[in-house]
Amino acid sequence: MTADGGRLSTDALFQILGNSRRRFIIRHLYRTNDPVDLKELARLIAAEEEGTTPEALTDEERQRVYVSLYQTHLPTLTESGLIEYDESERTLSIDRRALEAHCVEATADRWLVGYAVVALVCALGGVVFSLGGVVGAGGASGFLLVVSLALAGLVIGQYLRRTRTFTRKCLLSLVD
């Protein structure tokens, strides 16, 4: 969801995640359940980028990252609805449900839904044939019903399994 309650497009989500600093912010906030101070986050990002410890950073290195976070990355992430920023406390926190919802949306296999619809239509046709006593259909209607229900079950099961798998991979790619 975006800050105004809308959904992010898959392209918008991947554009947001295409920046290493934004991925770092999301990863760090996802791992910690508490709000994180913006200055501390800038310090951690600067240390990672410089390949040093946070204590060994110069003020200039920290300030460069802080300004970038405050002016560029923070607005992008808050407008997307993935994080929340408390201006008075200058802390950030993540909206876990929004992140997970975006990962589900970005990784959903829509083609499986089409197959599920076809299978359900066939199953309904089988029910109509069975209950309607279509002349000459005999055992074929029962067979059609069983095959259609089995196909519908397989497609729906596959859809749910793949969606869970891809969602988990999406989240793990962000937090690992």
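Yeah, the Cβs are placed from backbone N, Cα and C, and that goes for glycine too.
Predicted automatically and left uncurated, TrEMBL annotations should be read as such.
Remember, predicted model here, so these are calculated numbers, not experimental data.
These come from TrEMBL:
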DOMAIN    14-92  domain 'DUF7344'
TRANSMEM  112-134  transmembrane segment
TRANSMEM  140-160  transmembrane segment
Counts of helix, strand and coil residues, the domain 'DUF7344' (14-92), according to DSSP: 54 helix, 8 strand, 17 coil
Average pLDDT across the domain 'DUF7344' (14-92), rounded to a whole number: 92
